[in-house]
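The following block contains the structure, expressed as structure tokens.
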């Protein structure tokens, strides 16, 4: 891998991780195109580069993670965030690890993963249309309204993102939007989970491929991905804070559909 390829991979990871398109799939595609990597190695490389997203989330949401630490000491708000992380992680681990093993063994799963993203995207757009027509207060939930059931659903949704073609941020943000959360709260609640899911993905990739993914060039791509991620997070959260709730839902849904269709076309 040369320096230019590392830059391309870093930019792809830094942008696609936070959008409703699968960063793993985009990195896989670029890796196979520029490096002629095998599907298995490209898949593991896509997972390993999520370490860049982990660092970006830890930096950008450092105050939230400090609250989580205070949750161990009894802080009420921190305890809510701590519970959220524990419940979603447990649900993700219970379902995600077996799915990862299956994906590695039967790589790739074809167009089915893409169809799931298309269906979710259509659901979000349909939900946005209903909210606009009803002019109700739905879609205004904040993190304080999060229930254990909602946490578990987010964790289960996140587990599906180990499959090629399914975006972690896309499927978790979509789930939260469908549950009626404000767009900025949905994005934030999704992004805060990146370190847990990302560390797990990076560890699985390293244990699977070892030195093949932990090269100096890949580390360079990771650092570039970190910088691009910080810029992307800020831009997305500013957009989500706008009063155009319906527009945010439609944009997220459209990107999810586009990502799903891309996956279907690549599988055909």
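Note that Cβ sites are derived from N, Cα and C of the backbone, with glycine treated the same way.
Keep in mind that this is a model prediction, so the values were computed, not measured.
Per Swiss-Prot, the features are:
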- 41-61: transmembrane segment (TRANSMEM)
- 81-101: transmembrane segment (TRANSMEM)
- 106-126: transmembrane segment (TRANSMEM)
- 146-166: transmembrane segment (TRANSMEM)
- 191-211: transmembrane segment (TRANSMEM)
- 213-233: transmembrane segment (TRANSMEM)
- 245-265: transmembrane segment (TRANSMEM)
The transmembrane segment (41-61) and the transmembrane segment (81-101): do they have three or more Cβ pairs under 8 Å, with pairs 6 or more apart in sequence?
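Answer no: the transmembrane segment (81-101) and the transmembrane segment (41-61) share fewer than 3 Cβ pairs below 8 Å.
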What same-chain residues lie close to the transmembrane segment (213-233): Cβ under 8 Å, and 6 or more beyond its ends?
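Hits for the transmembrane segment (213-233): 1-3, 5-7, 9-11, 13-15, 17-19, 41, 44-45, 48-49, 51-53, 55-57, 59-60, 191, 205-206.
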